[in-house]
Structure formats: C-alpha cells, structure tokens
C-alpha cells in the first residue's frame, strides 16, 4: 500500500485520509473470498459508487463541451468513453493493475490483465476518492487522466462492437441478427449476464457482462474475432 500511496501522491497529487477506503478499492472479490476469516472487504460497493459519479462527471463534461449534440449523440459518446475497455486502459495508464489484490486462482488465470477486473478497479478507485475527498477531487483526477483523451477525439471515432458486427454481416447480404439472454446470475448489485448472438437461426458467439448491454457487446466482440479468423 505504501508504494500505491506514493504513486498517487507523486503522479496525481492525491493523498488519502482514509487508507482503508483505498485498500478496499484495490481488493478484488477473489482475494476477499480467500481471506473470509479476516473479514476482508472487497471493492464491489465502491465500484457501484464510482460508476455513478463517473457517469455524472462525463455527462456534465459532454453537455458543456458539445452544446449542439443531441441527447442520443451524447449518450453514445458517453458509452464509448466509459466502456469497459477504456476504463481498463486508464487503470493501466495509472499503473493501478500493479496494485490490485487478487486471489491466487484469479492471479494464475491472468486476472491482473483482464479488462473486466481493471475496469471495475478504476470505478472502485473513483468511488473511494469520492468518499475520501469529495466530487471535486474526482473531477480533477478525471480531467487529468480521461478528459485529454476525449479532447483528442479518440472516442468519437470508435464504433461499438454491435455496430461493427452488424455492418460486417450486412456486407454478406440480408441477415437476421438476434441477441438472446442465456442466463442471469448473481445478486442485484453484481449481476452476470450471458448472451448469445443468433444469426439466421444459428448461434454465432456468446458473451458475458454485468448488464445485458455489456454482455451483448462482449458477444459481438467475440463474433468479430471469430469472423476475422475465417
């Protein structure tokens, strides 16, 4: 934790008052499950809070930055900015991936490189920062880390995987694409959806996500990867 504190201080001028919050933000459920007797807290609740404040601040930014964009345009752009892959990238940019506490099994299976875990970590950190320093501190951090990428227009040029898949398949002729929920597991605050993509009656791929939309995106991403190998 000492090295993480030094990183936050030197790179982002952030000094946490409540180090328990910071430690919780960097504790994955797999680590907490392996240390139940120690009553270790994990970062899912902070992730929930961080997701909400991230959506708010990015919405504020887009509203002020693009006065001529419609609600639909801003929603699409916000989705691109806060998508899982983007947040995982920001975790890596901040070197957060080096400090997350994972269970032994998760560590061995490559969890430290997994976008889902790193995206959740970034949101959990924002939640901890909100509770410790307030929303203005979160705004300053995002202005330093995320907004410069948005200013460069990197996200405006990104299409979502569902759109890319639809455009690719349509080049092959008329196709019927259907996204079907296979399963829905877990408590309300930590849902896990599995979705399949059915094209002309045949299953093309499957995907997982914390919401139906994220699972659909994951399935479309997997489908594009499969089709690129054909």
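Any Cβ shown, glycine's included, is placed from N, Cα and C.
Site annotation (Swiss-Prot): Mg(2+) is bound by 120, 123, and the candidate from 44, 47, 194 recorded at this site is 47. Cα-Cα distance from residue 51 (active site) to residue 120 (Mg(2+) binding site): 9 Å (rounded to the nearest whole number). Other residues of the chain with a Cβ within 8 Å of the Cβ centroid of 47, 120, 123, the Mg(2+) site, are 43, 44, 46, 48, 50, 51, 87, 119, 121, 122, 124, 127.
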